[in-house]
């Protein structure tokens, strides 16, 4: 009735799944999960993920009944209201007790796999036979829509491969989606699919009349030591209502007659809306007391661990604080102008492996492109079922799941710093989890190589054009495109520091200077800065603005223009968002408003550059798909040569 009252009061919401899965929510929060509602961040708590995020009312009601301060009756009365702690889909940064932000179907399944991976990894690294520190379970509810989304299949495949046996996936099998019955577009045997992937599968036939059958299924899952468990629970969407068992129950309110009949069916009488039977609070108090006891016992284990294994506890405490060793950034490599040239992906490789020595939480991998992305932690092993302590994750060709799993690792809250690598063009496969990283404050580091048409021979199917523009548009995401080794190190410094914000580092395949004269690692944190200027005390006549591998074209063109007596400034705009956040005075110093002759040079979409070059400026970009051929020839075809940049600048200067 709390679900019904909340929807009726808000005149909005999704009651169907919440009503059908009420028994599941009750059993999980009352009998199955260990947590302490007075300390929702206790690291060894069981995790619950609602992949079918539209059913958030189920979780809000459970959090309220379980005694979480974050969801009071007043919060249920403000469902979907602006600024409330009960938004229309669960958001971890809004409501304590919500582990991850979900809504796009299937994402939560991947998040849950990431959380389960984090537990298995930390348990392998720190648990001892006489001191078990990490030992929690992960529960996830998915629906028919999640089952249809490809990300759920990708993530489930990996969970079985890794034998994440403390992961339990609960499938709300109600045979309905928004458009109608699932028979419209979905006829597979979902349990058989999960069984084929390597999951332990269980079916609960009638939870509405046999609560014990679900408890028994959870006991079977608890006793499974080799495989993750998939529990199919047959439910009635919109249970008790006149819409019961139909897609009409998915979302929306109920008419007054329907609400009256629901009250009659459960003998609710004339109780006021949002009434909670006192007995239920007393019932849940047992779980509350148990949670506090469990956390106290855990801290006792931690104290004993500290005396027995002092060499491990220092690293563990570092992880549980923020994972950053004081002075860690000093180990980032520095490059000189005499160092051999390499692609920025090569400089990234060196940064990652230097950081792995001082950041015990650094963990991640690539979507079957580790050798191409140069994203592998040497001497740190692979995370596999027989080596869960490994810090390199082999995601296979599963970019979408890689993003969702990385979010789960980041939001586990244990100081792990996940990185996820692929070609920039394939960021399209994982755009949604990247967006959710930003929305849920997950500090994932995305490493995207082969960042432009400069990758050459693979041609337009693999050459990103519009990707940078789309990624830069995601709120809170920091997108870096470093020009050399030092800017790459600077990008990593900012990315690692930002533990509540994702970063994406776009890296070249083609080689560039290790240290382009004028670049400064420390200046990357400003997003944009001047790398060279021969104007003395005067304003420059023209400003050339570049990123990535094209910054050197700007600098070489500037030298030619200066030989002709021109005053030229070159600016590196390595991260637009960081530059936009700088004080107005600083931005004016870098890009003086009185200098209207500007040229931007970037081998990607011109979208967004007009803001920096102004109405009178010229954007050298790519507004069509690339071409297959040696990168130097492709660059020449699209105008990315010193000669063309110089020609464009001279033409602009003559106006």
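All residue numbers here begin at 1 and follow the chain in the order shown.
Cβ coordinates come from backbone N, Cα and C, glycine included.
Curation plays no part in TrEMBL annotations; they are all automatic predictions.
The feature site 'Important for catalytic activity' is assigned by TrEMBL to 14 (among others). Its Cβ taken as reference, residue 14 (site 'Important for catalytic activity') is surrounded by 24 other Cβ atoms within 10 Å in the chains shown.
On its own chain, residue 345 (substrate binding site) has 372, 373, 374, 449, 450, 507, 508, 509 as residues at least 6 apart in sequence with a Cβ closer than 8 Å to its own Cβ. Taken from TrEMBL, the feature substrate binding site applies to 14, 250, 345, 372, 450, 458, 462, 509.
According to TrEMBL, the feature thiamine diphosphate binding site maps to 54, 103, 104, 105, 145, 174, 250, 426.
When Cβ atoms from all protein chains are considered, those within 10 Å of residue 174 (thiamine diphosphate binding site) total 27, not counting its own. As annotated by TrEMBL, Mg(2+) binding site applies to 144, 174.
Here TrEMBL flags 250 (among others) as site 'Important for catalytic activity'.
Taken from TrEMBL, the feature domain 'Transketolase-like pyrimidine-binding' covers 342-514.
Applying an 8 A CB threshold to same-chain residues 6+ apart, the list for residue 399 (active site, proton donor) reads 367, 422, 426, 427, 429, 430. Positions annotated as active site, proton donor by TrEMBL: 399.
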(request) Measuring CA to CA, name the entry from the recorded positions 14, 250, 458 that ends up nearest residue 145 (thiamine diphosphate binding site). (result) 250
(request) Identify which of the binding-site residues 54, 250, 450, 462, 509 has its Cβ surrounded by the largest number of other Cβ atoms within 10 Å, counting every protein chain shown. (result) 450
(request) Based on Cα distances to residue 54 (thiamine diphosphate binding site), point out the closest of the recorded positions 14, 144, 250, 458, 462. (result) 14
(message) Is it possible to get the count of other C-beta atoms within 10 angstroms of the C-beta of residue 144 (Mg(2+) binding site)?
(response) 22
(message) Give me the long-range Cβ neighbours of residue 103 (thiamine diphosphate binding site): same chain, 6+ apart, Cβ under 8 Å, in sequence order.
(response) 53, 54, 89, 90
(request) Do me a favour and check the Cα-Cα span between residue 104 (thiamine diphosphate binding site) and residue 144 (Mg(2+) binding site); whole Å is fine. (result) 13
(message) I need the CA-to-CA distance for residue 462 (substrate binding site) versus residue 105 (thiamine diphosphate binding site), whole Å please.
(response) 27
